[in-house]
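Undergrad: One structure, pasted below without further comment.
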Amino acid sequence: MNDRLFIFDTTLRDGEQSPGASMTKDEKLRIARQLEKLGVDVIEAGFAAASPGDADAIRAIAETVRNSTVCSLARANERDIHAAGGAIKPAKSGRIHTFIATSPIHMEKKLRMQPDQVVEAAVKAVKLAREYTDDVEFSAEDAVRSDMDFLVRIFDEVIKAGAKTINVPDTVGYSIPALWGERMKALIERVPGSDKVIWSTHCHNDLGMAVANSLAAVMNGARQVECTINGLGERAGNASLEEIVMAVRTRRDVFGCDTRIDATQIVPSSKLVSTITGYPVQPNKAIVGANAFAHESGIHQDGVLKHRETYEIMRAEDVGWNANRLTLGKLSGRNAFKTKLAELGIVLDSEEALNAAFARFKDLADKKREIFDEDLQALVSDEGYATEDERFKLLSMKVCSETGEVPRAQLVFTDDGAEKQASGEGSGPVDATFKALESVVHSGADLLLYSVNNITSGTDAQGEVTVRLAQDGRVVNGQGADTDIVVASAKAYLHALNKLHSKRERAHPQV
């Protein structure tokens with residue numbers, strides 16, 4: 001059996017379906033570049049038929065990425081296949097991932113199609129996709145609740161039609177490892193021509209077993225795993241890329257395969273996705289959580305000090321953890337700044353953008369004695385928080401908060417280029433800031449989440465604020481970073497408002 005495990009990352013498609021995690025084209029490009037640096041085999045860049053914006057983002061990634069295959073999702077219909085084919089056309093290596101539901105409940109209630117019609121649609125889609133690329137993947141949506149005989153039949157037919165990868169998804173996160181492994185093994189044994197394709201698995205985490213189910217599939221013959229950075233995804237999320245990769249690498253004696261992932265890029269990838277999407281990583285998250293390599297117990301600490309392998313099965317530095325390394329200071333020049341951005345995988349598209357970023361860096365260096373890698377990531381992201389059709393932008397603000405007095409906030413911001421002033425009172429400086437903004441913009445949005453995370457250590461560290469707003473069924477995340485938490489909060493709120501006013505709205509299907 002092949003000892004190479006292919007990593008199919010769907011952070012930019014399935015991961016983006018997390019509430020409020022929608023990304024701009026530039027944000028998707030930043031993540032795609034990092035995924036390429038990480039060494040993923042396939043980047044599912046989006047769902048081209050969802051919107052012109054999604055198709056444009058996929059096309060931009062296809063033009064940029066050269067060491068990973070760029071993929072677009074497509075339902076099994078002509079419109080979706082044509083949209084996907086056009087979007088991946090510039091790619092050095094492009095893939096179309098087409099799918100159709102195969103479970104009785106989906107065929108009857110959603111598709112309103114007979115099994116014969118479903119097979120016919122799947123075969124037709126694969127053949128049409130082959131007109132754009134030889135690399136076609138087929139997924140049987142809700143395979144976990146599909147009849148085995150029907151799965152064998154439809155997989156047989158799409159392989160004959162030219163599919164190169166067969167993906168078996170647990171769309172609703174219903175299976176358990178023993179049963180999922182058995183299903184994968186049985187399909188590989190029963191489907192004619194199974195040795196001519198790569199078998200893949202795509203597991204959701206509704207019962208907390210996405211990684212375990214994926215690994216069970218690998219142990220039973222799957223050689224592609226579909227996953228996301230930090231396990232990001234709709235509902236309870238997807239299988240975590242970092243956990244899949246390190247489980248297979250650490251226990252190669254069990255799995256008998258490995259990936260081409262550069263594990264030292266795992267933590268940087270995790271931090272970038274967290275920053276852009278506004279989804280913080282829980283401290284006890286395996287591999288990428290802040291406590292993943294922390295030892296509190298005295299017995300554990302003593303053992304680790306004597307010999308690290310007594311309590312550590314992998315090294316923190318192997319997955320990209322390092323101390324907050326001092327990188328630049330207030331005396332650092334423009335060339336040093338540009339070089340450091342390049343080392344971090346940050347690409348600015350013009351000299352004007354570089355000059356603007358350097359100006360923000362010098363401003364930060366005046367407020368903060370030591371500048372770390374994480375500060376630079378946040379600095380560039382803070383500017384990247386501007387949406388493609390930015391309406392609101394903070395110019396200045398003043399907050400008054402005294403013991404025994406009601407906090408007050410005054411802000412100056414632009415609204416479609418026109419300068420506006422706002423003032424308000426609240427139970428605290430952040431509450432006063434948000435009420436001041438609402439007194440002018442009147443969005444009527446509900447505040448679902450407000451969170452603050454320190455970017456680095458120290459009392460002068462930048463704070464990164466995430467705000468989640470809901471309006472008329474839309475949910476968006478806004479982010480802002482600053483050494484002043486209240487300023488960061490105002491930036492985050494305005495960023496969320498900009499997203500609500502943006503016309504970028506997509507609906508991605510489940511797989």
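Any Cβ shown, glycine's included, is placed from N, Cα and C.
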Undergrad: Taking Swiss-Prot at its word that H202, H204, N238 bind Mn(2+), choose the one of D14, D26, D415, D416 listed for that site.
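TA: For Mn(2+), Swiss-Prot names H202, H204, N238; of D14, D26, D415, D416, the listed one is D14.
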Undergrad: Can you list, in sequence order, the residues of the same chain other than D14, H202, H204, N238 whose CB lies within 8 Å of the CB centroid of the Mn(2+) site?
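TA: Along the chain, the qualifying residues are T10, P169, T171, C203, N205, A210, E226, C227, T228, G233, E234, G237, A239, V511.
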Undergrad: Could you check what DSSP calls H204 (Mn(2+) binding site) once collapsed to helix, strand or coil?
TA: strand
Undergrad: What residue among the binding-site residues H202, H204 has the most other CB atoms lying within 10 A of its CB?
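TA: Of the binding-site residues H202, H204, the most buried by Cβ count within 10 Å is H202.
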Undergrad: When you measure from the Cβ of N238 (Mn(2+) binding site), how many other Cβ atoms are you left with inside 10 Å?
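TA: The Cβ of N238 (Mn(2+) binding site) has 30 Cβ neighbours within 10 Å.
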Undergrad: For N238 (Mn(2+) binding site), what is the secondary structure by DSSP, using just helix, strand and coil?
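TA: Reduced to three states, the DSSP call for N238 (Mn(2+) binding site) is strand.
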